[in-house]
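Colleague: Got these off TrEMBL a minute ago, pasting:
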- H320: active site, tele-AMP-histidine intermediate (ACT_SITE)
- Q104: ATP binding site (BINDING)
- 13-338: domain 'RNA 3'-terminal phosphate cyclase' (DOMAIN)
- 184-286: domain 'RNA 3'-terminal phosphate cyclase insert' (DOMAIN)
Amino acid sequence: MDGDRVEIDGGIMEGGGQILRVSTALSCLLGLPLRVRRIRAGRSQPGLRPQHLSGLEIIRDLCDGKLNGGEIGSTEITFTPGKIKGGTHIADTKTAGSVCLLMQVAMPCVLFAASPSELHLKGGTNAEMAPQIDYTVMVFKPIVEKFNFTFNCDIKRRGYYPQGGGEVVVQMSPVKELSPINLTERGTVTKIYGRAFVAGALPIKLAKDMSAAAVRCIRREIRDLYINIQSVREPDDQAVGTGSGIIIVAETSTGCLLAGSSLGKRGKNSDKVGIEAAEKLLQNLKHGGTVDDSLQDQLIIFMALAKGVSRVKSGPITLHTQTAIHFAEQLTKAKFTVTKSEEEDPSNDTYIIECQGMGMINPNL
């Protein structure tokens, strides 16, 4: 069997955990045995961290697979997938490792399971270097459901750096196949809304300050829209530890959702947190694409699996997206093309990501 293993170099391009997530999810879906070497070679602490290991373990459990090299610090793994089954699965990073990244690796797999699944994902809900759970619910969910599936995401408890302790329960039913998406018309921004939160020992005033600073920043560019950013203190029984942050979403006339977000940390002024999120949102609105830079790479695996041609208009292509495309093409029969968009406004840095999907059919349904 070993001769047929797909060899993946985990140190090229983005050189991080994303290579592991995309390639193991596709290995699980396509029944391809895999070897990944030089895992996270591009990072200051190479090898598997707790979060990547729990992602590998949930994939292994989802399909009764075999995983070798699955320990913290390991820079090489081999994985042999089995048949994807539904049911209840638990992944616990035991750290503040992101539950959203656990969801990224598991979700494509359970879509092609034999029966409905319930995933209990434990770790950090609002972590650095990963989408916040609020982003997943407010932006990722409504857009990814355009591929013709639905899921339920219940935030049981929020958990913050350094101890984590959050829990999210994701429920979804399998599908026969995924439909392609066409997100090429931006439309005009019709509303801007968001959520500024504090938890634990922090006063609600910090959330209000983040929100006010964000609104002032957006107002300089967008004057005529009502901006509704709620300030929230997370209930103590639904949050572990102390944390703060903000997410701001712009919704357009064609149903596009683009966001900017930022997390508070000790010594960081709350105005600065609000302004950072507002500037990210404005940057995402400036390029004229239909998706923001956090969603861009998350759609690639679904585009590759869908049946038919998907088209997404985006801003500058991120290294994460280039990496996802590279490994999706290496492992599936999907073909991607990225072309500069023919814009009325040549100053707009927009691209069309087009994919002829492989048309994955669920063998279990």
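From the backbone N, Cα and C atoms, a Cβ is placed for every residue, glycine too.
TrEMBL: automatically predicted annotations, no manual curation.
Here the structure is a predicted model, which means the values were calculated and not measured.
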Colleague: Considering the recorded positions Q104, H320, which residue's Cβ sits among the greatest number of other Cβ atoms within 10 Å?
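Modeller: Top count of Cβ atoms within 10 Å goes to Q104.
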Colleague: Averaged over the domain 'RNA 3'-terminal phosphate cyclase' (13-338), what pLDDT does the predicted model reach?
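Modeller: It averages 97.
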Colleague: Whole-number answer please: how many Å between the C-alpha atoms of Q104 (ATP binding site) and H320 (active site, tele-AMP-histidine intermediate)?
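Modeller: So the alpha carbons of Q104 (ATP binding site) and H320 (active site, tele-AMP-histidine intermediate) sit roughly 13 Å from each other.
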